[in-house]
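A short worksheet on the structure shown next.
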Amino acid sequence: MQFWKVHGARNDFVLVDETEEEVVPESDKPDFARWACDRRSGVGADGVVFIRSDPPSVEMRIFNRDGSEAEFCGNAARCVVKYVTEVRGENVKILRTLSGAHRVEVQGGWIAVEVPEAEIKKVVELGYEVDAGVPHFVRLTERDPIHDFGGLTDEAKTIFSEYEPKGGVNVTYAAPSVDELRVRTFERGVGWTPACGSGVVAASLVYSEIFGPFEEVSVRTAGGCLRVSLSDGPLLIGRAEIVYKGELRGDWRENTDHQRRRHSLSRSPSGRPRLQECR
């Protein structure tokens with residue numbers, strides 16, 4: 001079984017191409033995601049992405065580390081476009097997810113993904129409820145959420161627990177500065193990640209609502225810089241990287257109890273792992 005390791009702003013994923021055939025049976029996908037995302041006994045990732053390409057569109061499904069399925073993921077979306085464009089050699093114009101259809105554009109090394117349904121739904125006492133393909137609770141903070149996020153964990157878990165009866169929520173902290181927004185998200189089904197694409201969009205909407213309006217917002221995350229165009233879309237703009245191609249040996253189901261799992265990378269003639277160069 002082949003897979004690809006990819007990341008967008010260090011939000012990393014195991015990508016499985018099911019265009020030709022179903023690689024992982026539907027009933028096994030949650031268990032596979034839990035195993036594959038384990039950084040000690042699996043491959044290691046924040047999520048698993050399954051795709052089916054049908055140019056000019058591609059279908060994407062994203063499963064979180066805990067096995068739950070998410071409606072949308074902005075960073076995974078860019079990774080899918082990168083893979084289909086560079087590995088499959090196909091043009092992508094529409095990305096289909098559980099949250100709906102998203103227009104995509106490739107602009108040199110940058111990939112733009114439209115999040116047409118993004119909007120502020122409700123202002124509450126501690127922050128803002130935002131739909132950015134998935135639900136977010138955006139909270140402005142004076143604390144730097146990139147480096148000083150540990151002190152926010154208890155509050156993030158408390159907010160999450162309040163929304164758990166409704167399916168949970170992604171808790172996004174945003175700290176405005178002079179020329180950029182600094183953002184970090186406690187993701188539903190994952191926890192803290194270096195970057196959350198939908199969280200970046202959600203925070204940008206709130207930032208523009210309070211301090212704007214702005215046509216574009218520059219956002220810094222622990223995984224790098226992203227841009228959100230609010231004049232058309234909105235559009236989440238950033239890069240994506242293909243790290244390596246891997247192959248699973250044996251049956252992963254035998255190791256869903258989190259025992260050590262063997263997997264191999266594509267090897268160069270020297271015997272070292274071959275890392276695909278990102279352009």
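Keep in mind that glycine also has a Cβ here, set from the backbone N, Cα and C atoms.
Owing to the predicted nature of the structure, the values given are computational and were not obtained by experimental measurement.
Sequence-distant neighbours of Cys73 (active site, proton donor) (same chain, 6+ apart, CB under 8 A from its CB) are Asn11, Gly47, Val49, Ile62, Gly133, Val134, Cys196, Gly197, Ser198. According to Swiss-Prot, the active site, proton donor annotation covers Cys73, on the basis of sequence analysis.
Taken from Swiss-Prot, the feature active site, proton acceptor covers Cys196, and the record attributes it to sequence analysis. Counted within 10 Å of its Cβ, the other Cβ atoms near Cys196 (active site, proton acceptor) come to 32, all protein chains included.
Residues or ranges marked as substrate binding site in Swiss-Prot: Asn11, Asn64, Gly74, Asn75, Asn170, Glu187, Arg188, Gly197, Ser198.
Per Swiss-Prot, region 'Disordered' is recorded for 255-279.
The Cβ of Asn170 (substrate binding site) lies under 8 Å from the Cβ of Val134, Pro135, His136, Phe137, Thr185, Phe186, Glu187, Arg188, Cys196, Ser198, Gly199, Ala202, each on the same chain and at least six residues away in sequence. Here substrate is bound by Asn11, Asn64, Gly74, Asn75, Asn170, Glu187, Arg188, Gly197, Ser198 per the record. The longest Cα to Cα distance in that group is 15 Å.
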